[in-house]
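Remarks on the structure that follows.
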Amino acid sequence: MSSAVYVLLFALLTAGGCSGLVTQSFSVSPNNVSVHEGGEALLQCQVSNLGGQVQWVKDGLALGYDASIAGIPRYSMIGDRSSGVFNLRIINASLDDDAEFECQVSPEGLHKAIRAAARLTVIAPPTGLEIVGHPTNSKIEVNENQALTLECVAYKAKPPPTIVWYRGDTKLPDKDPKVTVTEVPDGGHVKRFDVKSRITVNPTKSDDYSEYKCEARHEALAREYPLNTKVQLSVLYPPGEPHIDGYTEGETIRRGQHVELTCRSRGGNPPAQLVWYRNDVQVNMMYHSKGRYSENIYKFVAKDSDNGARFRCEASNVRSVKPLKAEVQLTVYFAPAQVTTSGPTEGKVGDTLQITCTTANSNPPAEIKWVVNGKKRPNTTNNRTESPEGGWVTSSNLNITIPAGGQKSLTVLCHGSNQHLSENLVSTHSINILYPPGEPFITGYVSDSSVAAGTTQKMACISSGGHPLATLSWYKNDKKIPCITKEMDKSVTAEITFVVNQTDNEARYRCEATNSATEVPLIETRIMHVYYKPEHVVIRQDPPKLKPGQKANLTCDSSASNPPATLSWWRAGIPVSAEPGAITFSNGPGLYGGKTSSSTLSLNVEADVDGLTYICQAHNAELGESVNQALTLNIVYKPVFDGEPSSGMRQVTVIEGEQGHISFSARGNPPELTFMWSLDNKPYKPSARALVEGASLNLSTVRREDAGVYSLHATNSEGSSSSKVQLVVKYSPKIAPGLSVVMVEESENATLTCKADAEPLSQEHFSWKRGGANVKERASVSFANGSSVLKIHAATKKDMGQYECIVNNGIGAVAKANVTLLIKHKPEFVVTPDIAKSAAKDGKEARLVCRAKGAPQINFQWSKNKKQINANTSERYITAVNKLDELTYESTLVIKSVKYNDFGPYECTARNIMGFENHNIKLEVTSKPDPPVSMSVVNITHNSITIAWVPGFNGGLPQSYIIQYRRIGTETKNQVNVIPLNSTSQEITGLMLGTEYEILMWAKNELGESQPVRNAVRSTTLSECLPRKLINFISY
């Protein structure tokens, strides 16, 4: 077809009108859409016969024709023009998107503009939900029946949510809550809403532990995941009534029975506090609670006082107006703890006595029954009194008339028994029947006889019969005196023993006998007559001061005597004979019924009677005894010395170093004397050590140079005289230096000398000992010039050793000196386990010890493999020789930095002028130690054993010891580590008394342990605890 045809056709179509044209329209128009905040929304818009351009408009705001909306990245148009789909997609929807959206199609040509609107609603769930003032799951404490308002708030929701309340799982009626909806500005054109819902609860105890839940329902919330919050109510209400288990009223309990009362209470918030009371006194408030249940258990042992006691349990808590109570009253059966009787314990025949018996508290009341001398007394009345301690006290009175018949006593038994408990107690009451005693009589002194003063007088008062036996009392002149009373079967004796003196002359001694049956004492009396000498005699001199040529009267007065004393005068043991009238006598009344005596002697005083003693003797002829008094006449004279020897000179002996005292006894008349001292006829000058006091010389520390003859010259107004004494000073021995070592040939005589200085000193003061024993065999001792000489004849090697010279003169310390006797002989080796061999580590230092005895001095030489070792000239070898004593020498070979070829035997040669000896010592590699040797028990006590041993070779290393012991009869072994390491003895403690033990030991060093000691020892501890005692045992 030509182009002209097309143009014509088009023209015809366009000019022909609209009746045949299809215009653009919505095949799918937008619909209202709801979307959750944050969700995705799709607004549909589909156009058929699209001609114009499509865009979306939000609340009048054109969003543009592009698929991507400028400025709003969450918005986009999805679809394509060919299909006519222009859907608006909104992601992460917010409340800002809540608007009216319009899909607009612009006109194009013959197509008119079209538009269609739809509403996008954005819904938002509550941002939060709370019960105001109460966090979720919190507990609210509230009193029972106290109104409680709960307010639940759902925050910022769109649209407003619905709030629903639950009690537990039960929904509350919708009419209960009060709901308030409040708009909340959110900064945009769309509003949010807060919703408040308030309920009021009047809780009861059934609401305790109940949960109240607030739930927000909203179309934006999934129904299976609602938003909710809840609280729990803790309703405070009083506890339930308490209940007591463990005892039922009317039930009986015995004294001493264990009782357990349990109080329980259910309900109550907080749980009930349970408290026990006994007779309104709190006794226990320890209770246990679990949930709403409380329990208090009170345990006790039933006592007498629990009878009738009310035990109350009170239950209360903070909601209690007053405590709830439950109580029980206990019935406790108990027998009386004791039965006591009271009443007279003695009476006379025919007396009627009332005895009362009373029981201690008892429940039920005790019954009292009487038995007199083995016979029951019926028809007695029991009186019962209620006790404040919860039981009954029973008492009964028994009247007894004391019968005749010679009985001495009645025995009354009161039986108190509790019939319900089958328990019976007995109280015994004894009644003594009284009879008066017989008349007392006195023995031991015959009336009107006389007794010498100074003799021992014994008198006895005896009374027979009576019940009880009489009580006897002695009186001297109405003053009670002590006595010794002895009772026999039917009588009683009271003895008095005294030494008779002058106060007993004419004294009245009375004995009284009484007992409960006497009203007036029965009496017996003796009046004594005593011979006694005067107590003293006194001589009076007239005139008081006597001089030659005077006449003097000596008067002698004696005290009272019975009979009167006879006075006589004596001089130098001879009765004084005087001219007639020179001696006169007289008597007078004295004390205690005696007489005094007096006698006067007249004398002519002469010089030759000075110092003569006159004695007045008062003699009692009946006693044959006298009392004497002497008077010495005083005449002036020049000094004289007493105690002078008839011949020779007086000696004073003092030990050096001690105090010395020289004194003279000088007298004179007048007695004022002056003294002058001299030593060896020279005037004595006192030193700082010497103190002269009249006739005494005191030396504080005597020296040997103080010895000599001391003279004392005494002078008074009548003249002078003198006396001498020799001072001898003794001092302890001191041995002078001398030869300490004596060496002789064998079979030669040996002379040992000991010289000493001492006072006194003689051969008997010397002694020689060897080993603690006196020297006797083939020895003689001589003494000269202060020296003791010990001579040993034909000395041999067995005489060799140390001799001790001892000087002892009994003054001060004993002097001792040692002299060693050596017999010349060639060396002899001394070999002990610890030096028999030696050991060392490769590269370390080794020590070999060689020990020998000999005289004179020993020299040593070391060699190995027959090759002499030149010690001290090489850096590898050093030797040292020590003299251990006068006879023993020791050589030590030191090998430094031991090498392999240094091990092996070494030869030690000991040599002196008497010859030589060889000895081999092997150097080994260090090893375990050898066992100890010679183990023995040296001491035992009741709980310990002490052992000692000789060390074995130590293997070249420091060694220690282990002791093992066991009790015989058991296999249990105990060990003791010996400390310190170098010990050679050990005490094993903590042992059993009188028990036998077996003891082993071994040594150890860093390389190991030795074999045990060859033979174990057995020992038994002491069987009693005694002071420590050293004993010796020999190992076996």
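Glycine residues also receive a Cβ, built from the backbone N, Cα and C atoms like all the rest.
In TrEMBL, annotation is done automatically, which means it is predicted and not curated.
The annotation signal peptide is assigned in TrEMBL to 1-20. Per TrEMBL, domain 'Ig-like' is recorded for 24-121, 126-234, 242-331, 336-432, 440-523, 534-632, 639-728, 733-820, 827-926. What TrEMBL lists as domain 'Fibronectin type-III' is 931-1024.
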Range from 242-331, 336-432, 639-728, 827-926, 931-1024 with the greatest count of C-beta pairs under 8 A to the domain 'Ig-like' (126-234): 242-331
Residues of the domain 'Ig-like' (336-432) by DSSP state, where helix covers H, G and I: 0 helix, 60 strand, 37 coil
Secondary structure content of the domain 'Ig-like' (733-820), with strand meaning DSSP E or B: 6 helix, 49 strand, 33 coil
Segment proximity, the domain 'Ig-like' (24-121) to the domain 'Ig-like' (336-432), 3 or more C-beta pairs under 8 Å: no
Summary of DSSP states over the domain 'Ig-like' (639-728), given as helix, strand and coil counts: 3 helix, 54 strand, 33 coil
Residue distribution over DSSP helix, strand and coil in the domain 'Ig-like' (440-523): 3 helix, 47 strand, 34 coil
Model confidence over the domain 'Ig-like' (534-632), averaged pLDDT: 86
Helix, strand and coil totals (DSSP H, G, I; E, B; other) for the domain 'Ig-like' (126-234): 3 helix, 62 strand, 44 coil
Counts by DSSP class (helix H/G/I, strand E/B, coil) across the domain 'Ig-like' (827-926): 3 helix, 60 strand, 37 coil
The domain 'Ig-like' (534-632), counted residue by residue under DSSP: helix, strand, coil: 6 helix, 59 strand, 34 coil
